[in-house]
Amino acid sequence: MVAMKFPGQRKSKHYFPVNARDPLLQMAQPGDIDTAYIVGIDQTLVDIEASVDASFIDRYGLSLGHSLVIEDDVAEALYRELTDKKLITHEFAGGTIGNTLHNYSVLADDRSVLLGVMCRDVRIGSYAYRYLCNTSSRTDLNYLQGVDGPIGRCFTLISDNGERTFAISPGMMNQLRPESIPEDVIAGASALVLTAYLVRCKPGEPMREATMQAIEYAKKHNVPVVLTLGTRYVIADDPQWWRDFLRDHISIVAMNEEEGQALTGFADPLAAADKALEWVDLVLCTAGPVGLYMASYTEENGKRKTQHPLLPGVIPEFNLYEFSRAMRRADCQTPVKIYSHIAPYMGGPERIMNTNGAGDGALSALLHDIAANGYHRTNVPNSSKHQRIYLTYSSLAQVCKYANRVSYQVLNQHSPRLTRGLPEREDSLEESYWER
Ligand SMILES: Nc1ncnc2c1ncn2[C@@H]1O[C@H](COP(=O)(O)OP(=O)(O)OP(=O)(O)O)[C@@H](O)[C@H]1O
Ligand SMILES: O=c1[nH]cnc2c1ncn2[C@@H]1O[C@H](CO)[C@@H](O)[C@H]1O
């Protein structure tokens, strides 16, 4: 068994001394090493990207910046117009969670498990075929449920101003049944990852029940459930329903500042992240050119002061304890809230290819840190790192740094799926940070 790649070998300034390699981990025999992985559910989709003008969005009854589900006849007309006018520029495997798991597997060089549907008979060259070809070989697709019909298509329509509108032609993507959720796979995972899009299906489609089944297994086995919020419109449809959903089922929420506002009413990403801590244990809130915020809990006795300058915000000096590791509130005796922020890596790319998936990239970095913690805990249970039950391997400040680095990598390429991991020479994120 090969050991998973740890999230950056951040030797310098790594708050928790992992100098050299963990000697206990080195002593373990190869066969002894238990692996850690992430499991997720997605609507299996290919992204069909095209550049269109504003009238196109109107003509098909779409709404700018929104992700809307369209009927088959609309999808056929839309697809025909895109093909006739040769407007399609790219076709990729997509889906928020598919992207996130793929990126996790590329970063960790380790296993993730994708649950969803796949055509039982895959024709070479079909969309299903392309989906499979464009997914990391480290993403385990053995648990997909076969269907007799097409996977979904996500028309990703880019307007002149760079705004992106999704039109979803669902095909069979919502046909995942509760029986297709393997309890043992959920039980053994470091986290279960879901998207708000999963509950958006027609009456009679089983995806929502399948999702609830997975949540039930995760709760039973104490596996943290992670939710990424999709787009602000999905949340704005019924914010109170989502707040209750978070409170009842979710440990970790990932959102951008618009989704954060729809959820909490606060436009300020720090205020939104703070508010969301009422319902969940850990928040990742990306904020485009402002960078990203994280918020969580830690044990009062174990909190660690930052060595970075203290930052102003709606919560003054909010980053005071950002060198602490995140914990679930229920695992703290005396919980204290911790917050961190980071500006875009190196100020952001010189030229942004495409912001599609930058937020999902940040989430895959967070998942990598969480899985690394699970991996370390199983293999070195007596390590001082596990005297308390932490959620993350690294401090909040380090996770922010890593998440931001991965977003930058996604912004620098066209597809939301990473084609390769971070450069090997990034032994220390610190150095590469200032090299430019
Ligand atoms: N214009 C920008 N300049 C610099 N960095 C950016 C810019 N836009 C995004 N980023 C970086 O990418 C991260 C995520 O971006 P953003 O908040 O746009 O995600 P998102 O809206 O969730 O994206 P998606 O939904 O497509 O995954 C930010 O935290 C930041 O690090
Ligand atoms: O309804 C949906 N379900 C699942 N994924 C979606 C949906 N709409 C858009 N995306 C996905 O979001 C990614 C960028 O974050 C895109 O790759 C797109 O496939």
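One-based numbering along the chain as shown.
Keep in mind that glycine also has a Cβ here, set from the backbone N, Cα and C atoms.
Neighbours of Gly95 (GMP binding site), defined as other CB atoms within 10 A of its CB across all chains, total 29. What TrEMBL lists as GMP binding site is Asp42, Gln43, Thr44, Leu45, Val46, Asp47, Gly95, Thr96, Ile97, Gly98, Asn99, Arg200.
Listed in sequence order, Asn256, Glu257, Pro269, Tyr293 are the same-chain residues at least 6 apart in sequence whose CB falls under 8 Å from the CB of Ala287 (ATP binding site). For the recorded site, Ala287 (ATP binding site), the DSSP three-state label reads coil. Annotation source TrEMBL lists ATP binding site at Thr286, Ala287, Gly288, Pro289, Val290, Gly291, Gly359, Asn404.
Positions annotated as domain 'Carbohydrate kinase PfkB' by TrEMBL: 144-302.
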Residue, out of the binding-site residues Pro289, Gly359, whose Cβ gathers the largest set of other Cβ atoms within 10 Å: Gly359
Cβ neighbours of Gly291 (ATP binding site) where a neighbour is any other Cβ within 10 Å: 20
Beyond the site residues Thr286, Ala287, Gly288, Pro289, Val290, Gly291, Gly359, Asn404: chain residues whose C-beta lies within 8 Å of the centroid, for ATP: Asn256, Glu257, Pro269, Leu292, Pro344, Ala358, Ser407
Those binding-site residues in Gly95, Thr286, Gly288 whose CB falls under 6 A of ligand 2, listed in sequence order: Gly95
